[in-house]
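Chemist: Handing you this structure, nothing more for now.
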Amino acid sequence: MVAQAPHDDHQDDEKLAAARQKEIEDWLPITSSRNAKWWYSAFHNVTAMVGAGVLGLPYAMSQLGWGPGIAVLVLSWVITLYTLWQMVEMHEMVPGKRFDRYHELGQHAFGEKLGLYIVVPQQLIVEIGVCIVYMVTGGKSLKKFHELVCDDCKPIKLTYFIMIFASVHFVLSHLPNFNSISGVSLAAAVMSLSYSTIAWASSASKGVQEDVQYGYKAKTTAGTVFNFFSGLGDVAFAYAGHNVVLEIQATIPSTPEKPSKGPMWRGVIVAYIVVALCYFPVALVGYYIFGNGVEDNILMSLKKPAWLIATANIFVVIHVIGSYQIYAMPVFDMMETLLVKKLNFRPTTTLRFFVRNFYVAATMFVGMTFPFFGGLLAFFGGFAFAPTTYFLPCVIWLAIYKPKKYSLSWWANWVCIVFGLFLMVLSPIGGLRTIVIQAKGYKFYS
């Protein structure tokens, strides 16, 4: 019996380690709740994908022109739907295991360390970048609402509106996981469809403007080319929900007989139909009505009736509240995983309270300091949006499944990779030029 003791101790240690691991997984935001319905994934995906950037699509069309504009809109929709399908398929490709996080899939494809180095920095650039942009967008939309509703009120700085917007997140960020924010996400998804409908329906009711022109606005060839690159980025990065798709799928229950990919794919299809209903009418109707004179936010071109534009701005605020939460959740998960697994903090509500408040405060501070952050993201985001959305899923697919050379799957993946690389190189050039031109007007804490 004495000889058996070390073996028993070893088994006990393993059991303790497994129990601790399960306790941590049951606490972390991505894996703590796995009882989501398929329609949860639909509105989470709509909220993640339809950004306030949809209101800038007519302006992007004016930089691209009819032919290239429609081509990029449709190509981006098709390619990103294909890469999203790949990620949904790969979530449970290893029997008995789920890749609940983007970097776990990367680690399976490229190795433990390399997978982390490839995926995590890009995912963080997108998620933290989007959260900061939404801080500014929420603040700007609140400011616009205030100006429209109370036109003789004393002007209030954008900084204060960003603080007001952030105050909501100091409360909502303490909802523990994706399923607990499903109500917020549903409201956000409905709002995105609502303000998109207001944008294109109001434009259509105005009728085509007199002296409307559809040619390129820039006077020089260089200006036209740079604007084209910028418009390319604006359209392509309107589809950026891939950064949170595995994390959303992780909330859906799964068994060998009924894997999660069925309900998840149903949700994705519904989400993509809603995305098409938001993007295509806004982009095409907005450009058709206003031509190349359209503002970079179509609501600015509409101006009247003031009550309707004010309503649309409040809808934008509600939508970006939901979007912020969707993009913040994987970051909360990474921070909490690091503290609990690597630094051995105990998984407690107090820890979560400090971590999440710190994150909201940090994104609020950056948004207040750099209210022109959206211009910066067009540049930096190009290096992260294109890979995570357009070609990283294809590279992972090729690495794992190794389809036969020159087969349909092989060609489809390589077309997506080339298109994604093309975006990654060209769109930041347009973004950089925008920064250079607008830098004179950049003011900190405006």
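Every residue gets a Cβ built from N, Cα and C, even glycine.
The model shown is predicted, which means the values in this text are computed figures rather than measured ones.
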Chemist: Membrane side check (same topological domain name in Swiss-Prot): G96 and G215?
Modeler: no
Chemist: Looking at the stretches 38-58, 158-178, 306-326, 353-375, 410-430, which one shares the most CB pairs under 8 Å with the transmembrane segment (64-84)?
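Modeler: Between the candidates 38-58, 158-178, 306-326, 353-375, 410-430, the best contact partner of the transmembrane segment (64-84) is 410-430.
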Chemist: Write out how many residues of the topological domain 'Extracellular' (431-446) are helix, how many strand and how many coil, based on DSSP.
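Modeler: Its residues divide into 11 helix, 0 strand, 5 coil.
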Chemist: As a test: from 116-136, 181-201, 269-289, 306-326, 410-430, pick the stretch that has the greatest number of Cβ pairs under 8 Å with the transmembrane segment (353-375).
Modeler: 116-136
